[in-house]
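S.K.: If you scroll down you'll find the structure; I have some questions about it.
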Amino acid sequence: MTQAQTAAVQPAAIPVAAPASQRWRVADVVALFELPFNDLMFRAQQVHREHFDANAVQLSTLLSIKTGGCEEDCGYCSQSSHHDTGLKAEKLMDVDTVLDAARAAKANGASRFCMGAAWRNPKERHMPALTEMVRGVKELGLETCMTLGMLEDEQAQQLADAGLDYYNHNLDTSPEFYGQVISTRTYQDRLDTLDRVRDAGINVCCGGIIGMGESRRERAGLISQLANLNPYPESVPINNLVAIEGTPLEGTAPLDPFEFVRTIAVARITMPKAVVRLSAGREQLDDAMQAMCFLAGANSMFYGDQLLTTSNPQTQRDRALFERLGIRASQADALSDNA
């Protein structure tokens with residue numbers, strides 16, 4: 001190959017990663033989004049292989065431990081009491097029911113068990129049951145994650161003392177677009193909860209939702225916010241909007257799936273050591289697009305038939321896709337029929 005030919009196949013001269021002292025400016029993130037698709041994928045795969053096994057994917061299962069009746073008005077959410085989605089509010093599950101679900105998740109190959117409650121914030125009366133759930137799930141040999149809304153300092157510490165591994169609290173979108181989706185909780189409220197989680201010594205799981213009508217620059221704004229958290233999240237879930245009937249975002253035009261893949265790739269480049277997770281809306285991606293996401297640097301996914309109140313690809317389909325791609329679960333034998 002001649003020198004000119006070699007130069008022609010090299011990606012454009014945009015930094016693969018920001019130096020430790022440099023913040024990811026929105027303009028820099030936009031520049032990544034605007035790379036030719038093949039160049040962006042090449043870059044993301046380079047970064048991914050520097051830090052992870054390129055053919056291993058971590059499996060998580062998500063259980064709604066308290067469904068519906070949430071006080072918040074998040075425009076995408078079927079669990080908001082502000083929206084008429086036909087979802088009936090339920091009480092907090094009892095501990096034994098949660099542990100039974102965790103056992104089933106482990107038997108199906110999950111290595112992390114995530115518990116979600118539709119609350120603005122947990123009440124003190126809920127904390128004993130929540131901490132018991134954490135301890136019980138950890139005793140089963142699973143990593144634990146919870147998403148319960150905003151936390152006070154003492155609540156974060158109680159969860160940490162129980163051994164909680166991760167706390168999920170998404171930023172959802174960029175600061176500029178946020179007000180078009182949510183009015184009952186501020187962006188700063190979310191950042192404050194993340195600070196409390198960090199201060200308690202719990203790993204942070206924080207990502208967002210794309211396809212809510214935001215622009216590419218606003219998607220870049222979300223990634224910039226996440227990448228500039230100090231430190232950036234250990235776990236970054238990327239959700240593809242599920243436009244649920246009865247919510248304000250019902251009827252939102254679907255996002256171009258290549259834009260979703262680009263978002264995964266940009267997240268990988270800007271947060272090289274984070275676990276990047278395919279989350280809600282994965283069923284809207286065909287097998288080829290999911291394979292593209294793994295190539296772009298996604299190395300975790302929610303595994304199971306339901307995510308809170310939205311469906312998820314069936315486990316058998318996931319097993320078949322992994323086999324076709326030569327991907328294995330990061331937990332040994334996690335996809336075997338007898339796992």
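Each residue, glycine too, has its Cβ placed from N, Cα and C.
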S.K.: Of Arg25, Arg43, Arg277, Arg282, which does Swiss-Prot put in the [2Fe-2S] cluster site with Cys114, Cys145, Cys205?
M.R.: Arg277
S.K.: State the Cα to Cα distance, in Å, between Cys114 ([2Fe-2S] cluster binding site) and Cys70 ([4Fe-4S] cluster binding site), rounded to an integer.
M.R.: 18
S.K.: How long is the line from the C-alpha of Cys145 ([2Fe-2S] cluster binding site) to the C-alpha of Cys70 ([4Fe-4S] cluster binding site), rounded to the nearest angstrom?
M.R.: 20
S.K.: Measure from the Cβ of Cys114 ([2Fe-2S] cluster binding site) and count the other Cβ atoms within 10 Å, all protein chains considered.
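M.R.: The answer is 29 other Cβ atoms.
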S.K.: Counting every protein chain present, what is the number of Cβ atoms, excluding its own, within 10 Å of the Cβ of Cys205 ([2Fe-2S] cluster binding site)?
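M.R.: Here the count is 27.
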S.K.: Quick one: pull the CA-CA distance for Cys74 ([4Fe-4S] cluster binding site) versus Cys205 ([2Fe-2S] cluster binding site), whole Å only.
M.R.: 19
S.K.: On average, what pLDDT score does this prediction assign to the domain 'Radical SAM core' (55-282)?
M.R.: 91
S.K.: Over all shown protein chains, what is the count of other CB atoms within 10 A of the CB belonging to Cys70 ([4Fe-4S] cluster binding site)?
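M.R.: That number is 23.
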